[in-house]
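What follows is one structure encoded as structure tokens, with my remarks underneath.
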Amino acid sequence: MGTPFKMERGVKYRDAAKTSIIPVKNIDPNQELLKKPEWMKIKLPANSAKIESIKNGMRRHGLHSVCEEASCPNLHECFNHGTATFMIMGAICTRRCPFCDVAHGKPLPLDKDEPKKLAETIQDMKLKYVVITSVDRDDLPDRGAGHFAECVKEIRALNPGIKIEILVPDFRGRVEQAIEILKENPPDVFNHNLENVPRLYKEIRPGADYEWSLKLLKEFKAVFPDIPTKSGIMVGLGETNEEILQVMQDLRDHGVTMLTLGQYLQPSRHHLPVARYVHPTEFDMFREKANEMGFEHAACGPFVRSSYHADLQASGGLVK
């Protein structure tokens with residue numbers, strides 16, 4: 001017998017080191033991959049000065065962006081426009097979803113100064129709309145809800161008039177506690193992603209539960225009826241269009257009014273492969289269906305991600 005795998009605290013496990021310890025799915029890194037269609041080609045900006053400026057600002061304050069940690073395809077566009085999605089509570093996630101490029105492992109203790117550093121960075125960047133997300137922190141008693149609340153509090157104290165969107169984990173087993181903690185410092189938009197369809201959850205989101213996520217969205221809306229709730233879905237992981245439409249309807253049935261829907265892209269050969277590339281006309285169909293279902297805002301397109309042009313979506317602009 002081999003020696004059992006033991007993780008070291010604070011070490012980032014990525015790619016094969018991460019996905020090899022997922023019991024549900026064996027991923028063959030040598031499998032033949034789908035060719036990326038023309039509409040999925042990204043044109044990089046000629047000038048990277050703004051991009052490097054934001055990266056350096058993050059490093060200087062000891063902060064992380066989900067844009068970098070999750071290898072988002074929109075990083076160059078967003079950073080070039082001076083926007084970023086901040087990722088709090090470290091860069092090591094206690095979950096190991098095989099679609100995600102964020103590192104897995106045993107996280108370090110929370111940085112108690114992070115909320116203040118985050119608020120100061122946002123002030124320096126002169127942001128009017130900010131998205132705050134996090135890794136999953138199943139090691140924390142409140143799953144990180146208190147840290148979210150403290151970040152919102154500090155950001156508002158230094159940045160009057162700012163709009164804050166939080167993209168939260170599922171607070172596994174602590175939904176009621178998390179919502180209670182957020183009562184003192186609620187966000188302007190509450191976002192939690194379903195990611196994909198329930199049939200594929202065991203394979204795509206090990207450790208998560210479709211009904212838990214719907215419950216979180218519903219219960220937050222019940223406590224804060226005037227705060228928009230939002231959720232995101234990836235396509236191209238083996239789901240059908242009919243299943244996606246059912247997830248969209250489930251979201252509406254649970255009070256969600258804002259939707260993001262984009263194409264899944266494989267971060268590396270050690271992650272889940274792309275099962276299909278969805279044509280832009282299909283995304284247009286999903287947006288039309290979302291409007292028919294009663295979503296107030298639906299951003300649907302190949303490169304759409306949860307926080308992609310979040311400020312524009314929150315103000316009612318078209319994002320695709």
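Cβ coordinates come from backbone N, Cα and C, glycine included.
For reference, Swiss-Prot has these:
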type: BINDING; residues: C67, C72, C78, S307; note: [4Fe-4S] cluster 1 binding site
type: BINDING; residues: C93, C97, C100; note: [4Fe-4S] cluster 2 binding site
type: DOMAIN; residues: 79-296; note: domain 'Radical SAM core'
S307 ([4Fe-4S] cluster 1 binding site) versus C97 ([4Fe-4S] cluster 2 binding site) - Cα distance in angstrom: 19
Per-residue pLDDT averaged over the domain 'Radical SAM core' (79-296), given as an integer: 94
Additional residues surrounding [4Fe-4S] cluster 2, by Cβ distance to the C93, C97, C100 centre under 8 Å: R95, R96, F99, D101, V102, H104, V135, D136
Cα-Cα distance linking C100 ([4Fe-4S] cluster 2 binding site) and S307 ([4Fe-4S] cluster 1 binding site), given in Å to the nearest integer: 15
Other C-beta atoms that fall within 10 angstroms of the C-beta of C97 ([4Fe-4S] cluster 2 binding site): 22
Residue with minimal Cβ packing [other Cβ atoms within 10 Å] among the binding-site residues C93, C100: C100
Cβ atoms near S307 ([4Fe-4S] cluster 1 binding site) (within 10 Å, other residues, all chains): 28
